[in-house]
Amino acid sequence: MAVQGSQRRLLGSLNSTPTAIPQLGLAANQTGAWCLEVSIPDGLFLSLGLVSLVENVLVVATIAKNRNLHSPMYCFICCLALSDLLVSGGNVLETAVILLLEAGALAARAAVVQQLDNVIDVITCSSMLSSLCFLGAIAVDRYISIFYALRYHSIVTLPRARRAIAAIWVASVLFSTLFIAYYDHAAVLLCLVVFFLAMLVLMAVLYVHMLARACQHAQGIARLHKRQRPVHQGFGLKGAVTLTILLGIFFLCWGPFFLHLTLIVLCPQHPTCSCIFKNFNLFLALIICNAIIDPLIYAFRSQELRRTLKEVLTCSW
């Protein structure tokens, strides 16, 4: 969990130039005086991680408590919260160890610290991959519930949802382990970038299609009640704003991290790219912010879940 300059060691393999990628012959520190580096204090990392940790623990506990929330949809939401919880937990653990090592309050051999760092890297990477997968799974689940409403309960059954969840976790752990082991291969980084783009396109296509169907439905209702066109336009505008916020937050929080991976492959030692690499901590902080925002978008909008959350907070088990 060593820190190189201002860069934390978490997923530190991403901060170094992969040896398998051709070099461009430029020094990595040739970023120029114009380069802007956003410093993220360890205290801020710790605070963001703790907020996300508590928030997602509450989501998992709430869904576990109420049997009415044990449907496939809430299973996916629970697993998303668990993934975000692991991302935050890994961040909190690493930041705490870094602070203890720097303060001299924790003494450990370099080999032990390296092994601990590798474990945290695998946990964090696998939880990030699973988080993206569950965001996609939630989009697919909602799409089926709208376009195949009559067959939804026969298509999305609890056993199928559990098998899908198990497959996502196994694949996430497997691929994250391979990624950490072979991070110095450009193909591995490109696979991660392609995976992110695939999830982004999947979510965009499904949610845009759902918005179009909702607008058609609202237009049909307006015609039945002989209402004017502005009602439909207002509904469509509201839906478009909601969709923009949902996809915008996803892209803004995850996009910079995968841009970082892309630039490692395309221009590992170009001054402009090197400047972007210096903000790796900021990109990680944005992902943790996404872990804080996810429950607000996918979980706490449910009235049943909010009611159960109040019971959890008042310890009325």
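Cβ atoms are placed via backbone N, Cα and C, with glycine included.
Swiss-Prot lists N29 with the feature N-linked glycosylation site.
Feature annotation from Swiss-Prot assigns S-palmitoyl cysteine to C315. Other Cβ atoms within 10 Å of the Cβ of C315 (S-palmitoyl cysteine), summed over all protein chains shown, number 6.
The topological domain 'Extracellular' (1-37) scores a mean pLDDT of 46 in the predicted structure. Taken from Swiss-Prot, the feature topological domain 'Extracellular' applies to 1-37 (among others).
What Swiss-Prot records for 64-72 (among others) is topological domain 'Cytoplasmic', and it gives sequence analysis as the kind of evidence.
Here Swiss-Prot flags 94-118 (among others) as topological domain 'Extracellular'.
The topological domain 'Cytoplasmic' annotation in Swiss-Prot covers 141-163 (among others). Residues of the topological domain 'Cytoplasmic' (141-163) grouped by DSSP class, helix first, strand second and coil last, total 20 helix, 0 strand, 3 coil.
Positions annotated as topological domain 'Extracellular' by Swiss-Prot: 184-191 (among others).
Sequence annotations record features per position, and here Swiss-Prot assigns topological domain 'Cytoplasmic' to 212-240 (among others) based on sequence analysis.
Marked as topological domain 'Extracellular' by Swiss-Prot: 267-279 (among others).
With a threshold of 8 Å between CB atoms, the same-chain residues lying at least 6 positions outside the topological domain 'Cytoplasmic' (301-317) that come near it are 58-59, 61-63, 65-66, 68-69, 74. For 301-317 (among others), the entry in Swiss-Prot reads topological domain 'Cytoplasmic', with the evidence type sequence analysis.
Annotation comment: Swiss-Prot describes 38-63 (among others) as transmembrane segment, evidence class sequence analysis.
According to Swiss-Prot, the transmembrane segment annotation covers 73-93 (among others).
Residues or ranges marked as transmembrane segment in Swiss-Prot: 119-140 (among others).
Residues 13-14, 18, 75-76, 79, 118, 121-122, 125-130, 133-134, 137, 189, 192 of the same chain lie 6+ residues outside the transmembrane segment (164-183) yet bring a C-beta within less than 8 angstroms of a C-beta in it. Annotation comment: Swiss-Prot describes 164-183 (among others) as transmembrane segment.
Per Swiss-Prot, transmembrane segment is recorded for 192-211 (among others), and the stated evidence type is sequence analysis. Counting only same-chain residues 6+ beyond the ends of the transmembrane segment (192-211), those with a CB under 8 A from a CB of the stretch are 129, 132-133, 135-136, 139-140, 142-143, 146-147, 179, 236, 239-240, 243, 246-247, 250-251, 254, 258, 261-262, 265.
The transmembrane segment annotation in Swiss-Prot covers 241-266 (among others) and rests on sequence analysis.
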Best-contacting stretch, by C-beta pairs under 8 Å, relative to the transmembrane segment (38-63) and drawn from 73-93, 119-140, 280-300: 73-93
Same-chain residues near the topological domain 'Cytoplasmic' (64-72), Cβ under 8 Å, at least 6 residues beyond its ends: 78, 141, 156-158, 160-161, 302, 304-305, 308, 311-312, 317
C315 (S-palmitoyl cysteine) in three-state DSSP notation: coil
